[in-house]
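Peer 1: Supplied in C-alpha cells, the structure appears directly below.
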Amino acid sequence: MNIAIAGCGYVGLVTGVCLAEAGHHVACIDIDRQKVIQLKKGSPPMYEPGLKELLNRNLEQGRIHFHTNGATAYPRADVLMIAVGTPQQADGQADLQYVFQAAKEMGTKAKTGAILVVKSTVPVGTGDQIDQLIHQELERKEPLSIASNPEFLREGSAISDTLRADRLVIGAETKIVLDQLEEMYADFHLPVVRTDRKSAEMIKYASNAFLATKISFMNEIASICEKTGADVEWVAQGMGLDQRIGSSFLRAGIGYGGSCFPKDTNALVQIAGHVSHDFELLKAVIKVNNEQRSGFIRSIQDRLGANLEGKKIALLGLSFKPNTDDMREAPSVPIAHALHQLGAKLVAYDPVATRHAARKLPDQVLFAQTIEEAIKGADAVCILTEWADIQSFPLSAYQDFMRQPIIFDGRNCHTLEAAALAEVEYHSIGRRPVSPIYM
Ligand code: UGA
C-alpha cells in the first residue's frame, strides 16, 4: 500500500518505519524542515532503541521517504494517517488544531477511495468532527472514509511495542474499511479489535487512564506501607501474581510522567466534564501523582532540614523514565526546582537526557558526565530514573565518593538487604528506611 503519515514524532515515525519494514511504501510528512533533513539522512530526532537501524534499512531500500508537505504524497496514498501532537491546553483539554490542519489538507488532496486514519490521541467524537469538516465545510464530493487507529507504543520500547503489540484497535464505520486496515497490518500478526470509531477513540484514553490509576493506587499503598511498616515491593509482588490484577504497572515511585499519562488523564477528566460526568476517581489519580513529588521533597527535608542551603545534592536520572531522552513532565523537573528553591546545590547525571534537561532544570544545576562525578562530596543523592547504569552502580561506591552516604531512591532500585550490607543510609518509596544508625 501507499501510506502517507502526517507528523514525524514518536507515533508517526515509529509507525512509518514499521509499516515500511512490512513492505509498504511510506511517505512521512513533517512541517519541521530541519527534522525532515535529518530524517532523510537516517538520523531520528529522538533517542529510541532500534529506531535508527530500522530507519536506515528502509531508507536504503527506498520504502520510506520524508517531505515537508503532503503535495505529492497525499494524492497518491491509499491510507493517510494523522500522527501529529495533541498538546495539553491550559484547561487540560487536548489542543486539536494540528489534527484539524492535517485533516483539512488531506481532505482536499486525498484520492477517491482513500482512508484517513487518526492515530493521534483525540477526544471521543473527533473522527465525527473530521468527517463533518471534510464533507460539509470543505464540501468534498467523493466520500473519504475516516477511521480511528489509536497507538499504544511506549517510549523506550516503541519498535517492539508496535511490531509485537498486545492488540491492534481499529475503529471505523464500515466493514470494508476495517478489512482494508486490518490487511495493512496483516504482517504484524496481532490480535485485532474491530470496533466503531468512538469506541476506538475511548479505548486509548481509558487504557492510559487505567494504567495511571494502577500507578497512583500503588503509590497510595506505598504511603500506607511506610506508615504501617509493610513493604510495598512485597505487596506488589503478592498482588501481581493474581492474574486478574497482573504484575505490570504496580511499581511505586515518584509518580508517572511523560508526554502521555499526565496529558491524557487531564483530557479524559475534561471529556467526562463535557458530558456532565465528574470523573472523581481520575481526579484523585492526578492529585496523588502530584503529591508523590511533594512527599519525596518532604522526606529529604525531614532528614536534612527544612532549609537545604549549602547542601550538595546529586540527582541521578533525569528523563521521565529509562531508555529515552524525553523530559516531558519528568518528575526530575519539579523536584530539581523545589530543591533549588530550598537552597540546595544540585549536580545532575543522566546517560542521555542532559541536553534536553538543561533547558528545563534551574540554570544553576551542574551536569556531570559520570555517576561518580555527580555524587562526589554530595550530602545526599536522589535517584529519579531507574536507568540500568544507575541501578547497577554499587551501593558501596556511594560510601567512597559522598560526604555522607544518604540515598533517597525514588524508584526503589535497590533491595533493603543490599543497602544494609553496604552500610549506607537508604530511603525509598513504601519501605522502611535503612540506616547504619538504625541497625
Ligand atoms: C504510555 C503507555 O504505556 C503507552 O501504552 C501509550 O501508547 C503511551 O503512553 C502513549 O499514550 O503514547 P509512555 O508514556 O511511553 O507510554 O511510558 P510508560 O512506560 O507507560 O511510563 C509512563 C510513566 O509511568 C513513567 O513516568 C514511568 O516511570 C511511570 N510508571 C510506569 C510508574 O511509575 N510505575 C509503573 O509501574 C510503571
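Each Cβ is built from the backbone N, Cα and C atoms, and glycine gets one as well.
Owing to the predicted nature of the structure, the values given are computational and were not obtained by experimental measurement.
Below, the features straight out of TrEMBL:
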ACT_SITE  C260  active site, nucleophile
BINDING   D30, K35, T86, T121, E155, K263, R328  NAD(+) binding site
BINDING   F152, L153, R154, E155, K204, F249, L250, R251, A252, G253, G257, K321  substrate binding site
DOMAIN    314-416  domain 'UDP-glucose/GDP-mannose dehydrogenase C-terminal'
Peer 1: Of F152, R154, E155, K204, the binding-site residues listed, which put a C-beta under 6 Å from ligand 1? Please answer none if none do.
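Peer 2: Cβ < 6 Å from ligand 1, in sequence order: F152, R154, E155.
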Peer 1: Among the binding-site residues F152, L250, G257, report those whose Cα falls within 10 Å of that of K263 (NAD(+) binding site); none is a fine answer.
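Peer 2: Neighbours among binding-site residues, in sequence order: G257.
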Peer 1: When the Cα-Cα distance from T86 (NAD(+) binding site) is computed for each of the recorded positions K204, G257, C260, which gives the smallest value?
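Peer 2: Closest by Cα: C260.
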Peer 1: On the Cα atoms of F152, L153, R154, E155, K204, F249, L250, R251, A252, G253, G257, K321, which are listed as binding substrate, what is the maximum pairwise distance in Å?
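Peer 2: So the binding residues stretch over 24 Å, Cα to Cα.
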Peer 1: How many Å lie between the Cα of E155 (NAD(+) binding site) and the Cα of C260 (active site, nucleophile)?
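Peer 2: That separation, Cα to Cα, works out to 10 Å.
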Peer 1: Spatial neighbours of C260 (active site, nucleophile) among the binding-site residues D30, K35, L250, defined as Cα within 10 A: which are they?
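Peer 2: Candidates kept after distance check: none.
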Peer 1: Could you list the residues of the same chain, at least six apart in sequence, whose Cβ is under 8 A from the Cβ of D30 (NAD(+) binding site)?
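Peer 2: Listed in sequence order: A6, G7, C8, G12, V36, L39, F66, T68.
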Peer 1: How many Å lie between the Cα of F152 (substrate binding site) and the Cα of K35 (NAD(+) binding site)?
Peer 2: 24
Peer 1: Counting other Cβ atoms within 10 Å of each residue's Cβ, which of the binding-site residues K35, R154, K204, K263 comes out lowest?
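Peer 2: Sparsest of the binding-site residues K35, R154, K204, K263 by Cβ contacts within 10 Å: R154.
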Peer 1: Have a look at the recorded positions (L250, C260) and report the one with the fewest Cβ neighbours inside 10 Å.
Peer 2: L250
Peer 1: Kindly assign K263 (NAD(+) binding site) to one of the three DSSP-derived states: helix, strand or coil.
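Peer 2: The residue in question, K263 (NAD(+) binding site), is helix (DSSP, three-state).
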